[in-house]
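Just below is one structure, and these are the notes that go with it.
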Amino acid sequence: MAERVIPLIDQRSRPLVVPRAAQPFPAPGQLVDSRGRPLRDLRISVTDRCNFRCSYCMPKEVFDKDYQYLPHASLLTFEEITRLARLFVGHGVGKLRLTGGEPLLRKGLETLIEQLSALQTLNGDPLDITLTTNGTLLGRKAKALKAAGLKRVTVSLDALDDNVFRRMNDVDFPVADVLAGIEAASAAGLEQIKVNMVVKRGTNDHQILPMARHFRGTGITLRFIEYMDVGATNGWRMDEVLPSAEVISRLQPEFALMPLEPTARGETAERWGYVGQDGKHDAALGEIGVISSVTHAFCGDCNRARLSTEGSIYLCLFASQGYDLRSMLRGGASDEHIREAIAAIWQGRADRYSELRASLPDHSGPRTARRVEMSYIGG
Ligand SMILES: Nc1nc2c(ncn2[C@@H]2O[C@H](COP(=O)(O)OP(=O)(O)OP(=O)(O)O)[C@@H](O)[C@H]2O)c(=O)[nH]1
Ligand SMILES: C[S@@+](CC[C@H](N)C(=O)[O-])C[C@H]1O[C@@H](n2cnc3c(N)ncnc32)[C@H](O)[C@@H]1O
Ligand code: SF4
Ligand code: SF4
């Protein structure tokens with residue numbers, strides 16, 4: 001098996017060695033960008049609103065003072081989202097992720113999921129419809145979401161301790177209620193539940209082990225995300241990034257872990273399995289993931305486009321500009337015309353922000369115009 005070694009920023013940590021995916025990339029006939037990357041994944045921001053104020057995403061000082069939420073009329077309607085999603089699926093997209101902002105704040109989201117579930121992929125495989133949420137409304141909505149056709153869910157949770165949670169998310173909400181939301185998702189039959197934990201050195205990194213202990217053996221995959229410099233407001237500093245290699249080296253003394261094969265090209269997380277008594281991966285104990293956008297950029301495999309709340313397409317999480325499809329929709333453009341526009345936009349794509357950042361000595365990121373906020377284009 002071919003292997004790649006993750007370069008380290010923090011030399012105190014051990015190198016990670018993870019297997020390389022074997023699947024062909026791209027498939028023959030697939031729409032590709034200027035770097036040969038296929039379009040597979042569409043992330044749809046259904047609202048720019050959120051009931052949290054995570055310090056790394058929508059810091060209160062900025063979002064409660066300066067930011068104007070979008071007026072309802074400028075949001076894409078469910079019919080407009082579904083029409084665009086159908087055209088993207090026609091270009092080879094097989095995965096739709098609903099996100100935001102907090103997607104469960106968008107009224108009637110189940111109706112959108114029902115409409116999206118009726119779409120047919122090019123190769124006849126079922127469309128993978130998934131959702132990223134902070135979990136606060138999941139307890140109430142999980143059953144209806146599943147019934148509407150949602151397949152999977154990812155819940156963000158940065159700590160088990162209420163005080164640490166408040167420091168990360170700047171909200172008074174009990175962790176127990178997010179955990180209850182996760183349980184409701186599981187009871188409703190949502191599959192492959194994942195938990196995303198953004199790690200900020202000095203704020204919640206001491207929660208890495210308690211989180212791993214909590215989710216080990218539950219069937220839920222916990223993923224540690226390196227804190228990123230997305231948007232223009234979160235005051236990102238490299239010294240608050242805890243490299244994934246260090247996450248693994250903090251877990252290793254307590255848990256034996258082994259690298260696992262990726263399930264698909266373009267996967268953001270590197271997978272690590274808990275090792276059982278026989279020295280092999282014990283599926284009952286499950287796995288964890290690390291998402292190393294800062295210390296090990298994965299732009300080379302990036303197959304994701306983002307549809308903003310207002311209907312613009314963004315080609316990178318760190319983009320400053322999008323391509324306005326809403327005016328085409330509302331201006332009466334035909335499907336064929338929009339399909340061609342999407343193809344031209346994707347074919348011209350050359351983005352690789354995280355790779356460029358990694359090549360700069362201070363990891364300060366390439367100088368660009370003001371970057372769009374993550375809540376607007378969807379995380
Ligand atoms: N730099 C960068 N980070 C990303 C990108 N996509 C996702 N991420 C980060 O990875 C996190 C996890 O994304 P998810 O949507 O939960 O995971 P995923 O790997 O895309 O989806 P599945 O594995 O299919 O569940 C996001 O919240 C971001 O922080 C990307 O294209 N670029
Ligand atoms: C923008 S949120 C939108 C969905 C939903 N509100 C939630 O929090 O799950 C999507 C994901 O982006 C992640 N995220 C936001 N800001 C980030 C940052 N600066 N670095 C890394 N991940 C970030 C969040 O932790 C979350 O898992
Ligand atoms: S990460 Fe999600 S929950 Fe936190 S502020 Fe951003 S959109 Fe809201
Ligand atoms: S930085 Fe941009 S190009 Fe690189 S993986 Fe993230 S979204 Fe894709």
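Note that Cβ sites are derived from N, Cα and C of the backbone, with glycine treated the same way.
Some features that TrEMBL has for this protein:
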type    : residues                                             : note
BINDING : ARG43, ARG97, THR132, LYS194, ARG304, ALA305, ARG306 : GTP binding site
BINDING : CYS50, CYS54, CYS57                                  : [4Fe-4S] cluster 1 binding site
BINDING : TYR56, GLY101, SER156, MET228                        : S-adenosyl-L-methionine binding site
BINDING : CYS299, CYS302, CYS316                               : [4Fe-4S] cluster 2 binding site
DOMAIN  : 34-259                                               : domain 'Radical SAM core'
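Structure with TrEMBL features highlighted.
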{"residue": "ARG43", "record": "GTP binding site", "Cβ contacts under 8 Å, 6 or more apart": "LEU96, ARG97, THR99, ARG304, ALA305, ARG306, LEU307, ILE377, GLY378, GLY379"}
{"residue": "CYS50", "record": "[4Fe-4S] cluster 1 binding site", "Cβ contacts under 8 Å, 6 or more apart": "CYS57, MET58, GLY100, GLY101, GLU102, LEU105, ASN134, SER375"}
{"residue": "TYR56", "record": "S-adenosyl-L-methionine binding site", "Cβ contacts under 8 Å, 6 or more apart": "MET168, VAL198, LYS200, TYR227, MET228, ASN234, TRP236"}
{"residue": "THR132", "record": "GTP binding site", "Cβ contacts under 8 Å, 6 or more apart": "ARG97, LEU98, THR99, PRO103, VAL153, THR154, VAL155, SER156, ASN196, GLY379"}
{"residue": "LYS194", "record": "GTP binding site", "Cβ contacts under 8 Å, 6 or more apart": "ARG152, VAL153, THR154, VAL155, ILE220, THR221, LEU222, ARG223, GLY289"}
{"residue": "CYS299", "record": "[4Fe-4S] cluster 2 binding site", "Cβ contacts under 8 Å, 6 or more apart": "ASP351, ARG352, TYR353, SER354, GLU355"}
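The Cβ neighbour count for MET228 (S-adenosyl-L-methionine binding site), using a 10 Å radius over every protein chain in view, is 23. For the recorded [4Fe-4S] cluster 1 site, residues CYS50, CYS54, CYS57 set the reference point as the centre of their Cβ atoms, and the other residues of that chain within 8 Å of it by Cβ are PHE52, ARG53, TYR56, MET58, ASN134, ASN169, MET374, SER375. Classification of CYS302 ([4Fe-4S] cluster 2 binding site) by DSSP places it in coil, neither helical nor stranded. The binding-site residues near ligand 1, defined by a Cβ under 6 Å from one of its atoms, are THR132, ARG304, chosen from THR132, ARG304, ARG306.
Less than 6 Å separates the Cβ from ligand 2 in the case of TYR56, CYS57, THR132, MET228, drawn from the binding-site residues TYR56, CYS57, THR132, MET228, ALA305 in sequence order. A separation of roughly 21 Å, to the nearest angstrom, links the Cα atoms of CYS316 ([4Fe-4S] cluster 2 binding site) and CYS54 ([4Fe-4S] cluster 1 binding site). The number of other CB atoms found within 10 A of the CB of SER156 (S-adenosyl-L-methionine binding site), across every protein chain shown, is 23. Secondary structure from DSSP puts THR132 (GTP binding site) in a beta strand. Counting only same-chain residues six or more apart in sequence, the Cβ atoms lying under 8 angstroms from the Cβ of CYS54 ([4Fe-4S] cluster 1 binding site) belong to ASP158, MET168, ASN169, ASP170, VAL198. Close to CYS302 ([4Fe-4S] cluster 2 binding site) in the fold, though at least 6 residues off in sequence, lie ARG37, GLY266, CYS316, ASP351, ARG352, each with a CB less than 8 Å from its CB. Every protein chain shown contributes to the tally, and the Cβ of ARG97 (GTP binding site) ends up with 21 other Cβ atoms within 10 Å. Cβ crowding, taken as the number of other Cβ atoms within 10 Å, peaks at ARG306 among the binding-site residues ARG304, ARG306. CYS316 are the binding-site residues among CYS54, GLY101, CYS316 whose C-beta comes within less than 6 Å of an atom of ligand 4, given in sequence order.
Every protein chain considered, the tally of other Cβ atoms within 10 Å of the Cβ of CYS316 ([4Fe-4S] cluster 2 binding site) stands at 21.
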